[in-house]
Amino acid sequence: MRWTSTTVLAISLTLGLTACARSNEPLQRQDQVRSQNVTDNKLTDPRIVAEDKDLKQGDLGIGGGGSADRPFAAQAAIPQVFPNWSVKPINGSYAENAIATAQQFMGTPYLYGSDRDDPSSFDCSDFTRWAYLSGIGMDLPLDSRSQARYVQAYSNRSYYNLNNARRGDLLFFTSFNGVNPDQYQGVSKTVDSVSHCGIYLGNGKMIHTASPRTGGVRIDNVFGNHLQWRFFMGGTVLDQK
């Protein structure tokens with residue numbers, strides 16, 4: 001089945017209308033999210049990631065049109081988007097809707113340049129976009145650099161210190177160079193160097209997808225490993241200017 005943005009918006013509305021009938025389920029689900037362990041150690045195992053070309057590439061080459069041969073759209077052309085207000089927020093927070101949606105895709109295969117209308121596979125920015133689009137009807141930009149620019153342009157809460165991350169925030173990272181911190185010394189971090197993104201869960205954990213070798217959609221710690229050393233910026237897309 002081919003999914004379209006219109007289909008996803010319709011699903012978002014349906015989810016919002018049925019949320020009241022499952023009033024006890026969201027709280028239980030979020031408790032499970034907060035206590036869930038990382039998926040495994042694949043993302044930090046040198047034997048796995050040292051030659052992982054997909055991890056190193058991230059979504060570099062994916063442009064504003066969602067394909068490698070279409071260039072990034074200028075920041076001025078990025079439209080501001082908002083949640084579908086007909087969707088009922090889980091526990092009073094639209095971030096919880098996005099996280100609940102993201103969790104439904106645990107283990108979904110990684111595919112570089114994945115079809116932005118088909119949730120059977122994801123690259124990193126397709127995954128973050130889909131979580132917000134399917135969860136609350138927010139159609140964010142198609143690649144990690146333009147999502148970072150979106151946060152820079154519209155967010156009332158963006159930051160360059162990972163300690164400021166809050167649940168539901170988008171986190172952005174530069175390219176993978178290795179598993180040791182000294183491999184990131186002197187690396188220039190700019191929005192143009194962003195190649196990876198994910199959704200912060202709280203308690204130092206992030207849900208994201210990085211490569212086929214690391215198993216598709218997964219949960220990892222963001223502190224004490226290369227994700228911390230690669231971190232560029234983060235922020236919310238919900239509290240906007």
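Heads up, the Cβ atoms here are built off N, Cα and C, so glycines get one too.
Quick look at what TrEMBL lists:
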- 26-41: compositional bias 'Polar residues' (COMPBIAS)
- 92-240: domain 'NlpC/P60' (DOMAIN)
- 26-45: region 'Disordered' (REGION)
- 1-21: signal peptide (SIGNAL)
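Averaged across the domain 'NlpC/P60' (92-240), pLDDT in this predicted model comes to 98.
Per DSSP, the domain 'NlpC/P60' (92-240) is made up of 49 helix, 34 strand, 66 coil.
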